[in-house]
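Chemist: Sharing a structure below in structure tokens format, with a few things to ask.
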Amino acid sequence: MVRPREEFIMENNEQNFQPKTWVSFVIMAFLVAAMCSAIFLTGQQLHITMLTCMGFCILMLVLTGCPYSKIEEAIISSGNLTIPTLIILYTIGAVMGSWIASGTVPMIIYWGLKLINPGLFLATACIACMITSLATGSSWSTIGTVGVALMGVGMGLDMNPAMTAGAIVSGAAFGDKMSPMSDTTNVAPAVAGADLFDHIKAMLTTGGPAIVIALVGFTVLGFSHSGDANSETIAQILESLESIFQLNLTTLIPVILVLVLAIKKFPAFPTLLISALVAAALAILVQGQSIPGIMSIMENGFVSDTGFYDIDKLLSRGGMFSMHYTASLTVIVMAFGGILEKCGVLDEILSKMRGLTRTVGTMVATTVVIEILLNLVTASQYMTIILGGKLMMPVYKEKDMLPQCLSRTLEDSGTVTSLLIPWNLCGAFASAALGVGCFTYLPFALFNWICPLIAVVWGFLGLFQWKTGQKPSKKTYRPVDSEAPVSK
């Protein structure tokens, strides 16, 4: 049976649905108002707020002609990113529990308290997380393992928890964005059409100065706020750890294993899973845990009973179930972000912002603002980098920039600011793992806000903004010997 021509026209119109500009602005205004209310009035009830925003968005789209089938497709397609994220998230929960039970985290706390100068602690914590994240290519793995241990060291040294968390997040973010094994470090050049290692070299021009400034800042903060923990208090903490755990070199095997597997370029999931299983074996063989006991710890988390409230609070964590808050938020925000992307809610707003790019400086600044905006509304650094890259690539091509200029700016703003937003997946995870709110550690996450500022400054000064032929590059937007005019 031949279908009527009107059906084909209707289906085509449904597939090509584009919301009107006023609809997009109303949805965004509602989102901003709702999130501000959640943060400042209701104590960050993020789940119900994001669910309400998604419901309002769906209602507006359906009332203005968007077929519900398209909305459903958008939600389903978001699962391609959501499911791998959830698997990693729950695995990190198991790693946290097993690392504590095996004595790995207590061992790091123990020797950190013994060896680290309080004044240099923040800078040392930043460097330790930077190295770990650079090796593993994952800020999440770093924050959930070494970061948790360093929070314990900072607590023992009577350091401000927000400062400690800021140093951890800064180091983890820098290492993640500079690692060739990081997801975002591969996604950004792929979207922008740049070579991976040209991209990493380009990031040194902004990330390098930013991390140096951050380390200087952490050193100053460390010596200014090194706390007043005395040797007696530290000795009591060390004694408590010794009484609960067998602290020997075997407890560091999970750390070494993660670094070795990362260097061998194992994917994140098997690396984390192997580390968790090895730590579980150590918990049984070294710490005397039973098999049912360690399985319960990997699911429900470790419960500490040292007699020190702060130590017990820090070590009583981990387990897959501890990730339910972040995991459930992940499902909601990824579905909402998928709707915003697939249904074109952001297209008109972002296109108008792209019109501001008259000079190289405004081009870079607009890219940074768009990336931060996307991090706020999509809550996913992956969506942020992909959408921002697709949107801004024509501008960089028009100005004949090298593709690594775009990919660098995508990471300078999209990757690092995701850790500063409470409802973003990265910010939600870091806050849950470290036990410090995003807005609490934000002022001390020096690298994460200095890096995008440097990117904008370099853009307006014209520094490290390369056009085709000005710098050797494996990939360009046009042949180097092309006669195509260069846009000023």
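Each Cβ is built from the backbone N, Cα and C atoms, and glycine gets one as well.
Just lifted these from TrEMBL, have a look:
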- 171-462: domain 'Na+/H+ antiporter NhaC-like C-terminal' (DOMAIN)
- 21-42: transmembrane segment (TRANSMEM)
- 48-69: transmembrane segment (TRANSMEM)
- 81-102: transmembrane segment (TRANSMEM)
- 108-131: transmembrane segment (TRANSMEM)
- 202-223: transmembrane segment (TRANSMEM)
- 244-263: transmembrane segment (TRANSMEM)
- 269-288: transmembrane segment (TRANSMEM)
- 323-340: transmembrane segment (TRANSMEM)
- 360-393: transmembrane segment (TRANSMEM)
- 414-434: transmembrane segment (TRANSMEM)
- 446-466: transmembrane segment (TRANSMEM)
Chemist: Do at least three C-beta pairs under 8 angstroms join the transmembrane segment (446-466) to the transmembrane segment (202-223), pairs 6 or more apart in sequence?
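Modeler: Answer yes: the transmembrane segment (446-466) meets the transmembrane segment (202-223) with 3 or more Cβ pairs below 8 Å.
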Chemist: Go through the chain and flag residues at least 6 beyond the ends of the transmembrane segment (269-288) whose CB is under 8 A from any CB in it; none is fine as an answer.
Modeler: 84, 87-88, 91-92, 94-95, 98-99, 101-104, 136, 141, 245-246, 248, 250-251, 253-254, 257-258, 261-262, 294-295, 297-298
Chemist: If we skip the immediate neighbours and take only residues 6+ beyond the ends of the transmembrane segment (244-263), which ones have a Cβ under 8 Å from one of its Cβ atoms?
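Modeler: For the transmembrane segment (244-263), the list is 95, 98-99, 102-104, 106-108, 110, 132, 135-137, 141, 145-146, 181, 270-272, 274-276, 278-279, 282, 286-287, 304-306.
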Chemist: Using a Cβ-Cβ cut-off of under 8 Å, list the residues of the same chain that are 6+ residues beyond the ends of the transmembrane segment (414-434) and lie near it.
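Modeler: Result: 35, 39, 44, 46, 49-50, 85, 89, 92, 96, 139-140, 143-144, 147-148, 151, 161, 164-165, 168-169, 172-173, 176-177, 184, 188, 322-323, 325-326, 329-330, 333-334, 371-372, 374-376, 379-381, 384-385, 388, 441-442, 445, 447-449, 451-452.
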Chemist: Same chain only, please: residues at least 6 beyond the ends of the transmembrane segment (360-393) with a C-beta under 8 Å from a C-beta of the stretch. Say none if there are none.
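Modeler: Apart from its flanks, the transmembrane segment (360-393) reaches 28, 31, 35, 50, 81, 183-184, 187-188, 191-193, 333-334, 336-337, 340-341, 346, 350-351, 353-354, 399, 401, 406-407, 409-415, 417-418, 421, 423-426, 452, 455-456, 458-462, 465.
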